[in-house]
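So Swiss-Prot has the following annotated:
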TOPO_DOM  1-22  topological domain 'Extracellular'
CARBOHYD  Asn5  N-linked glycosylation site
TRANSMEM  23-43  transmembrane segment
TOPO_DOM  44-58  topological domain 'Cytoplasmic'
TRANSMEM  59-79  transmembrane segment
TOPO_DOM  80-103  topological domain 'Extracellular'
CARBOHYD  Asn97  N-linked glycosylation site
TRANSMEM  104-124  transmembrane segment
TOPO_DOM  125-142  topological domain 'Cytoplasmic'
TRANSMEM  143-163  transmembrane segment
TOPO_DOM  164-189  topological domain 'Extracellular'
CARBOHYD  Asn180  N-linked glycosylation site
TRANSMEM  190-210  transmembrane segment
TOPO_DOM  211-241  topological domain 'Cytoplasmic'
TRANSMEM  242-262  transmembrane segment
TOPO_DOM  263-280  topological domain 'Extracellular'
CARBOHYD  Asn275  N-linked glycosylation site
TRANSMEM  281-301  transmembrane segment
TOPO_DOM  302-345  topological domain 'Cytoplasmic'
Amino acid sequence: MAGINQTKCDLGFQITFNTVYRFSQFYTFSVSSFAVPGLIYFMFKRLFQLYFHGNLKTLLIAYFISILLYAVMLCFAFGYQFFVPFFIKSNCDLIINKTLFKYIHTSVIFLLTTPMMFPLGFSIERFTAMAMASRYENIRTLIGPVLVIFLIIPNCIIFYFLFQHETYDDTFISFLMLPNTTAVNFNTYLWFLLYLNIGNLALNVLLLLVHRKFKRRLLLHKTSLSTRYAIEEISQSSKFTLIITFTHLLFFGCNTICSILVRVLGEPFFGSFINHSVARGVNCAVPTYNLVIVVVGFVSLSKLNSRRQQEVQTTVQLKTTGKEGARNYDNITANQWATITQIGF
């Protein structure tokens, strides 16, 4: 038994000090370390100050908080894996404690999958906003918080059934390596999330196309200024969620496909157990997304803001001539007198 353990320790040493593996650990730790302050800055500088409706804003805040928590957990997990080898006294010190692995591993992969649930919430909220465009801005913030709860609960239930009988008896040197008894079912769940988000992305594109036709139809009719403005707000916020959804799907899809390919191709393709284990331990796509999304968020919001101002000045404008101009003048005058009367009383 001791010989088997020592063999595993020696294998762990060879994997840990493999050049590709060491670089990937350092890369993921570094990217995550930059992503954490970047996400915090983005949330306080842009996200909390968004002009979007409270329902969508709640979903976006919950989404970015889950990404932030994932980045924090990656900092700990990959920081541990990168720095611990500098202080080991024997090869067996590289083997992660069973209890520590259990809690860190499940937390990391739970936070990997949780953000993938929120794009579905974006679509539901956006369709609701379009269907109730004329009065949506006056509706209280309710559907957003409800969706956050109902999107997280299924992930919790799935994880409970995935890991309820897991004993974690394997030997692990990485928090990202799945136990063999759970790997197949978890990979199936990843495929499900990937297909779900591909379908959701198509739904978002359809939403924008329908919204564009809906917007043109409204502009042809004599709609109120507030309705036109609300339609424009829905258009801009929907474009932002589409950008977020597409970017996340791109990186998550790359991560999922590569991870499953490594398992499917197996040890023969990589030439040895060491090389195969190194490939399983590399995790760069989603951690990179955690940093990239900060840049994407700032740039896309800046561009959408400028387009929004242009649209407001061109399509959502107050006419001052003709019969419509006279009605607008009467409405403004009446509102001013009503305000003065309320102040007087």
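Using the three backbone atoms N, Cα and C, a Cβ is placed for every residue, glycine included.
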Is the topological domain 'Extracellular' (164-189) packed against any residues at least 6 beyond its ends, judged by a Cβ distance under 8 Å, and which are they?
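For the topological domain 'Extracellular' (164-189), the sequence-distant neighbours (Cβ-Cβ under 8 Å, at least 6 residues beyond its ends) are 8, 12, 15-16, 77-78, 80-81, 94-96, 98, 101-102, 104-105, 108-109, 113, 158, 259-260, 263, 277, 280-281, 283.
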At a C-beta cut-off of under 8 Å, are there same-chain residues at least 6 beyond the transmembrane segment (190-210) that contact it? List them, or none.
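Apart from its flanks, the transmembrane segment (190-210) reaches 113, 116-117, 119-120, 122-123, 126-127, 130, 235, 238-239, 241-242, 245-246, 248-249, 252-253, 256-257, 259-260.
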When each of 59-79, 104-124, 143-163, 242-262 is checked against the transmembrane segment (23-43) for Cβ pairs under 8 Å, which one has the most?
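By the under-8 Å Cβ criterion, the transmembrane segment (23-43) pairs most with 59-79.
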Run through the Cβ atoms and count how many others sit within 10 Å of the one on Asn97 (N-linked glycosylation site).
9
Within 10 Å of each Cβ, count the other Cβ atoms and name the one among the glycosylation sites Asn180, Asn275 with the highest count.
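Of Asn180, Asn275, the one with the most crowded Cβ is Asn275.
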When you check the transmembrane segment (143-163) against the transmembrane segment (242-262), do you get at least 3 Cβ pairs under 8 Å, counting only pairs 6 or more apart in sequence?
no
Please report the DSSP secondary structure of Asn97 (N-linked glycosylation site), reduced to three states.
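Note: Asn97 (N-linked glycosylation site) is coil by DSSP, not helix or strand.
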Would you mind giving the whole-number mean pLDDT across the topological domain 'Extracellular' (164-189)?
87
What is the separation, in Å, between the Cα atoms of Asn275 (N-linked glycosylation site) and Asn97 (N-linked glycosylation site)?
23
Express the distance between the Cα positions of Asn97 (N-linked glycosylation site) and Asn180 (N-linked glycosylation site) as a whole number of Å.
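Checking the Cα atoms of Asn97 (N-linked glycosylation site) and Asn180 (N-linked glycosylation site) gives a distance of 17 Å.
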